[in-house]
Amino acid sequence: MEHIRLPKVENVKLLDRISHRRRRVGTLYLTATHTIFVESEAGVRNETWVLHSLVCSVDKLAATPSGCPLLIHCKNFQVLHFIISKEQECHDIHLSLQRLSQPGDYDELYCFAYKPNVDEKERRQEWDFLDLKADYSRMGLPNSLWKLSPVNQHYKVSDTYPADLFVPESATPPVIVGSSKFRSRGRFPALSYYCKDNHAAICRSSQPLSGFSARCLEDEQMLEAILRSNPRSDFMYVVDTRPKLNAIANRAAGKGYENEDNYSNIKFQFVGIENIHVMRNSQQKMLEVCELRSPSMSDFLEGLESSGWMKHIKAVLDAGIFIAKAVAEEGTSVLVHCSDGWDRTSQVCSVACVLLDPYYRTLRGFMVLIEKDWVSFGHRFSHRCKHLVGDPKEVSPIIDQLLECVWQLMEQFPCAFEFNERFLIAIHNHVYSCQFGNFIGNNQRERIELRVHERTHSLWSYLWANRTDYTNPLYRPNHSQTQGLLRASTSPYSFKFWKGLYNRFDHGMHPRQSVEDYLRAIQEETQQLEEQLTSHTQVGQGYADQPQKEDLSDHIFSFTLTYVVFT
Amino acid sequence: MIMEFAELIKTPRVDGVVLHRPFMPTVEGTLCLTGHHLILSSRQDNTEELWLLHSNIDSIEKRFVGSLGHITVKCKDLRMIQLEITGMEECLNIASSIEALSTLDSVSLMYPFFYRPMFEVIEDGWNSFLPQNAFKDLESMTDEWRLSEVNKDFSLCPSYPPLVAVPKDVDDETLKKVATFRHGGRFPVLSYYHKKNGMVMMRAGQPLTGTNGRRCKEDEKLINATLRPGKRGYIIDTRAINVAQQAKARGGGFELEANYPQWRRIHKAIERYNVLQESLIKLVEACNDQSHSMDRWLSKLEASNWQTNVKEILTTACLAAQCIDREGASVLVHGTEGTDSTLQVTSLAQIILDPGCRTIKGFQSLVEREWLQAGHPFQQRCAQSAFSNSKPRYEAPVFLLFLDCVWQILRQFPCSFEFNESFLVLLFEHAYASQFGTFLGNSAAERARLCLPEKTVSLWSWVNRPQELERLTNPLYEPNSLVIWPSVAPQSLLLWEGVFLRWNRSSKCLDEAYEEMVHIIEYNKELQTKVNSLRRQLAQLETEDPLLHTP
């Protein structure tokens, strides 16, 4: 509370983003966790709540005759434009919010203060909702080809990797440790996905420390072990998700990529996804376009093009498709890496999984996927999402791009996903909100140190409890579209602009009637009708069972017939 | 066969022709040319055959690899198909016949004059939307308008229908004078009456003020007659102010404030027809670009200006609707001729304002009133589509843009239209090539001269049959009596995939989603019927039940 210089300001105007002439007048409150604007017009109790942890930037603009503008940009793309009449008040709010929205310490994060009305036992159960080992056993692991390795217990080999990892059966601890010493941050090749139908696997790692000529026997053995764990295949792909130039530049720093001559039976491939800095700048430019107040079509399309955002989304999806096809169609295993193996690698592995396996297109499956390829494999959520004050160069919308790739796929395959757009947006919101403990810290080791499982709530069980809101009414598990590999198009015209996320709070831009809500209402009604039908037919059965059957009129006779037809 | 055709068909039949089409397996078969169709038959059961109207062919390209000829047929519905014909002579003959048959000049040789319906006409579409019937509806709401026969022989205005609605207090003599003051004789007539507040929308051609500011008292009287006492109206000029200024030099112009003090003039910039044709050509080119570069696609999409045109037209229509519904003011819309952008605006404003226009019949009636009767020159505008090699003269996708705008509103209000996207696509196809006579000719006068109602079948006769209606009905429809305001933000306006990407990407998954949606709704209805009938039967049982227990 010590950061709140001014808890309440009256007579504040909240401007409509599109039409500044439309404005609401009310009172602004600062609490320890939220900024709250309460509209003061008679008869309305309209409140806008914004979590401090969702605030991305607070800007005080030059004062105007009507007051001092304060612009708040949120990580969920909400933009609030307040006018505060007194400059001093605006100044105080500005300073308070700047401090409140940039905690210096994990303990200040909202998840540690968020206490919904749930008892401790239930809270602990929330964390048992998802079990990654169950997902690996769903894949058929461990088996004769892949084993669970204890090598990274206590994070001894790689402190950014999870403790439990699957590796090829033939990979011995010395090979793994040797390989890890030849990989950035010790992130040795480990299993991400195994296709039990044809034994092809997706493995992931960081870049090799190959420089211009360095070799590592254990690393070469490690790749060979991966290849051997796919008995029907005589080669494997190594996919470097970076642009070739970036990878070459890394060689000068003693890092780099695999030399095909040193590894037996690998096919090496660059897929050209740009780095976190390019992605950050690209999204920034794209958001500037979204924020234009009344852009012409050309402003919008030119801005979108020059932001490069759609091009990057396409690159990620293209890479995912390459890997999914290698696994599903060629039965070939793939090792994926970028530099550290926690950004592009996470994106590409999870996009490939969504394309390959219908399970990851279900509500629970998608949560498992994020838990597996992002949370457990050490995507640096707290750095990328700027949960704490820190280096702005570490911030990047890598997870946004995954969610968008999935959304693009949902647009192409409307029946293939159990969840809906709202589900993706909810995940996006909470990756940034810090309301739940799931994404706090940068890796498993940090979350254990923070005792996240003991002190916070889990997003996954919250989403699951509200799953009716997140279910796609068009999904049918047995629909042909739901089965097998999704053959997505990446022709440029197949990509759409995701206004549902980036213009999420511009309600006027969205369809005024939702087909999905309409269908959901119909399905609920259908369910009630089914229940009524059952109960009515039971009542009818009751009549039919009465002993005076010989007295039944023709009418009743015909009724029992109807019942027979129903059942 | 008619002699004209026989002369054009040098090789009526070629065997062993291979056909490649989007999303369909390659077929080998016999190619036949008739006067109106290009037919490919594999002579096998269960095999798709090609029946393509020559009038649907926009352009063809031929090339040879040895003696194997490849003909690419580019259609007005934007489909592209390839034919492989062995034998140079046969190929050249076929190509030249297709070229000749697809560019016949004489309207009377068009297919609709030869087409005999293979279906039972339940309701003759030529009589479905008579102006006198539309006027009866108007009369039930107001007595301030009359139906004038001043143009019954098309002499006053060749592009107007014989009957037009005008203010009751304005006599035919006045109309005659006004007609001389408006482009093409298109004096202001009623386009729409807003029942909610009695405001109206009128449309006209530009006033012929010329450089010296000619005025016409009768014109002023006519449009002032539509204003309520003390009220102002809006004139929406669909041209940018500088374009309207330039029109003066050619005898046209716009209403000067001094002469029309009760009217406020607003200029909007909707493009003219030749610019729109360029835009369509560029858009289709962008959609068919084989490069996989996102930058290239976005910049070509932007450069085509198609989406800009959609936005501009929709914005203007919203403005007109806003003046009427929100400002409570009457509106006069015109551009230059009053046959293109004017109709886009008046018809879209009605979609926004009038729930009746969002039904299948209501939309047909709107197309009939605001496009066909209102004199949109369909035959000129739709003579060529995006692939034509010849320099466009009067061609322009004015109507297609209108349909695109309707589709945009439909996307934003998916439950407020009785029809679905297929209906809009169908209208696009038939406007460019059809077995029906509906879109032939450029005006009511031409259609009368061609005796279309007697000699051809109306598209509406075919559409308004249960099996067609079922296909075109939106399962989500729930009548919505409100005014529907679409968003015109660039983020809200999408590329109309159903037309522009129709042949580039498979729509299988989207079609399946549509079927799934239909299934969900049908199943619900089915259950409702069952539950209702069970309820009735149970209620009856309950009343009969005591009798059962009577000893």
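Placement of Cβ uses the backbone N, Cα and C atoms for every residue, glycine included.
As annotated by TrEMBL, substrate binding site applies to A:Asn275, A:Ile276, A:Cys338, A:Ser339, A:Asp340, A:Gly341, A:Trp342, A:Asp343, A:Arg344. DSSP assigns A:Arg344 (substrate binding site) to a helix. Non-local neighbourhood of A:Arg344 (substrate binding site): A:Thr241, A:Arg242, A:Ile273, A:Val316, A:Ala319, A:Cys338, A:Ile398, each in the same chain, at least six residues away, with C-beta under 8 Å from its C-beta.
Annotated coiled coil per TrEMBL: A:512-539, in sequence order. For the coiled coil (A:512-539), the predicted model reports an average pLDDT of 90.
Residues or ranges marked as domain 'Myotubularin phosphatase' by TrEMBL: A:126-502.
According to TrEMBL, the feature domain 'Tyrosine specific protein phosphatases' maps to A:307-351.
Most buried of the binding-site residues A:Asn275, A:Trp342, judged by other Cβ atoms within 10 Å, is A:Trp342. With all protein chains in the displayed structure included, the most crowded Cβ environment within 10 Å among the binding-site residues A:Cys338, A:Asp340 is that of A:Cys338. Across the domain 'Tyrosine specific protein phosphatases' (A:307-351), DSSP classifies residues as 29 helix, 4 strand, 12 coil. Sequence-ordered, the extra residues of this chain that approach the substrate site, with Cβ no more than 8 Å from the Cβ center of A:Asn275, A:Ile276, A:Cys338, A:Ser339, A:Asp340, A:Gly341, A:Trp342, A:Asp343, A:Arg344, are A:Ser206, A:Thr241, A:Arg242, A:Thr345. Site extent for substrate: the farthest pair of Cα atoms among A:Asn275, A:Ile276, A:Cys338, A:Ser339, A:Asp340, A:Gly341, A:Trp342, A:Asp343, A:Arg344 sits 12 Å apart.
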